[in-house]
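Trainee: The following feature annotations were taken from TrEMBL:
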- 111-533: domain 'Major facilitator superfamily (MFS) profile' (DOMAIN)
- 20-39: transmembrane segment (TRANSMEM)
- 182-201: transmembrane segment (TRANSMEM)
- 207-228: transmembrane segment (TRANSMEM)
- 240-260: transmembrane segment (TRANSMEM)
- 266-286: transmembrane segment (TRANSMEM)
- 364-380: transmembrane segment (TRANSMEM)
- 392-409: transmembrane segment (TRANSMEM)
- 421-439: transmembrane segment (TRANSMEM)
- 445-468: transmembrane segment (TRANSMEM)
- 480-500: transmembrane segment (TRANSMEM)
- 506-528: transmembrane segment (TRANSMEM)
Amino acid sequence: MAPGSERLFDSLGHFGRFQAFVYFASVFQAMSCGIHYLASVFMAVTPNFVCGIPGNVSSVLLYNSSESSLEDIWTLWTSTEDYIVVQLENGEIWELNQCSRSKREVSLDLAYEYNANKSLFSCSDGFLYDDTKWKSTVVTQWDLVCDREWLAKLIQPTFMLGVLIGAVIFGDIADRLGRQRVIWFTSAGQFVFGIAVAFTFDYYSFVIVRFLLAMVSSGYLVVAFVYVTEFVGIKARTWASMHVHAFFAMGIMVVALVGFLVRTWWVYQIFLTIATLPFVLCCWVLPETPFWLLSEERYEDAQKVINIMARWNKVSTPCRVSELRSVQQDDLVSGRMGDNDASSTKKHNILDLFCNWHIARRTITVWLIWFTGSLGYYVFSLSSVSLGGNEYLNLFLIGAVELPCYIIACIGMDKLGRRNTLIPFLILSALICVLIMFIPQDFNISIILANMAGKFSIGVAFGLIYLYTAELYPTIVRSLAVGSGSMMCRVGSVVAPFCVYLRSVWIFMPLLLVGIMALLSGILTLMLPETLGKPLTNTLVEATEMGRNKKSCSEKTPPAHSGAALEKIEMFGQETVSTEK
């Protein structure tokens, strides 16, 4: 007999018209999360620039090319080491570098080479920026260059820190106040804070509002993931939950499209924000999930939602709440009978994930995969605009390549197994990182295709680690395992922007780091057990035995006999995962 959670779907359908409406309405707004997570790749662009000058320009010289204005000289700019010679209307001749400027003491004929005395000055008159691609970015708005460059580099990491905090806060609030209220608040918050970002008056207010935007975006993604899994039956849950990520990827594609069309950062931010406005206007009709209502003993409200589902799905005899309650009580009793010794009442903590060498090795490997998946995902995404060629097309393709990778991940998990799918794609992503290093820099198309392949490979690994983690650990510490892995994922997303900045040290440094981490993760994954077709474990003893080692890692506990936890794995594996990219 199916547990209460699945008895409902056996009666109403696992993915009927009602579930389809709720699913697509909810995941549509997940696009806004992908939008805001990657918006900074164009919003915080640093164009070519030089120091400003204290006067009007009469002529400009770069090497042997002479122009009448600076706007005409930017097309000749080839290196940040270049300097520009300008002559002012008053006859003064200046050499303009990126972070300093020199005044020639002896005014001779305008020439690029000059060996006489010069006076060195700071950039007290501001900076001159190349606006041929972007009319305005946050960098040009607040002069985040030279000694203020580090402020620009903090924009994405501070956003990701907000993602981390928001997931923790709103995940807890959703359990206390309900999924529906958090979805209402976070979806409205994304619109309000998204618009507010465009009207911030200085850098610090910009970072603060973006931080709040990150919190509500992260909160929405986490809660929407739980929300849709509580409305989708087990027969469709794996595919439905996996493809929430696909809508996130579509958000990345929207960023590329809007970035191509709009070249002023605050207008760009407004357009990105209103892209998902239709959901904000209609999200108020989404109901609370019946399972949360049941957990709060709001039985009449739960029955109303079930009746609505039945009408949409054209079911004449919907399941009654009284039936669900009786089944859940039976499951609870059998669960207690199956795990009736001291370990059933023991309060577990993070140390239980390291109770012996075998479980500790498993935990370290799983954490490393979570970290590597997030690190690789963002390194490939954030680096796409620096690959050469059309940066907008590059980002669009990096987002588009995710769509088939989740289909491959689902098929691989069901046909080959979790481990047998994870290992080759981790190692493949490492090999692709090495391959890119050997591609000549002027082979733009080859580099872009290789980066797409790398994003595809890491995307498959990143997608399937959610469910695999839930299956590797017993019921008593499964939530701890998935939650701690999710935290490592967010650490990876915070580290990724700093990793991308290492391109200034060596252009291949980010790829080298991702490649090393992916190869190490792939090798360590060889030691993980395969979970395809195997029943879930309920105790640490069973989890250790699944690793083919009989050594106990806690007191001897007889295997649990409750089948309820086994039948609920798909929901638990998806619900407890904070789907943070």
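Quick reminder: no glycine exception, Cβ is built from N, Cα and C everywhere.
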Trainee: Using a Cβ cut-off under 8 Å, which residues of the same chain at least 6 positions beyond either end of the transmembrane segment (364-380) come close to it?
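Mentor: Residues packing against the transmembrane segment (364-380) from afar: 398, 422, 426, 429, 451, 454-455, 458-459, 461-462, 465, 468-469, 472, 481, 484-486, 488-493, 495-497, 499-500, 510-511, 513-514, 517-518, 520-521, 524-525, 527-528, 580-581.
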Trainee: As a test of reading the model: what is the averaged pLDDT for the domain 'Major facilitator superfamily (MFS) profile' (111-533)?
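Mentor: Over the domain 'Major facilitator superfamily (MFS) profile' (111-533), the predicted model scores a mean pLDDT of 85.
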Trainee: Compare 240-260, 266-286, 445-468 by their Cβ pairs under 8 Å to the transmembrane segment (207-228) and return the stretch that comes out on top.
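Mentor: That would be 240-260.
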Trainee: Let me spell it out: take the transmembrane segment (421-439), skip the flanking residues so only those 6+ beyond its ends count, and list any with a Cβ under 8 Å from a Cβ in it.
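Mentor: Counting only partners 6 or more residues beyond its ends, the transmembrane segment (421-439) has Cβ contacts under 8 Å with 369, 372, 376, 409, 412-413, 446-447, 450-451, 453-454, 457-458, 460-461, 464-465, 468, 508, 511-512, 514-516, 518-519, 521-523, 525-526.
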Trainee: Excluding the flanking five residues on each side, which residues at least 6 beyond the ends of the transmembrane segment (266-286) place their CB within less than 8 Å of a CB in that stretch?
Mentor: 22, 25-26, 28-29, 31-32, 35-36, 39, 42-43, 136, 180, 183-184, 187-188, 190-191, 194-195, 197-199, 227, 254-255, 258-259
Trainee: Who are the long-range neighbours of the transmembrane segment (20-39) in its own chain, taking Cβ under 8 Å and residues 6 or more past its ends?
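Mentor: 159, 163, 183, 187, 190, 194, 213-214, 217-218, 220-221, 224, 227-228, 231-232, 240, 243-244, 247-252, 254-255, 268-269, 272-273, 275-276, 278-280, 282-283, 286-287, 312, 381-382, 395, 399, 581.
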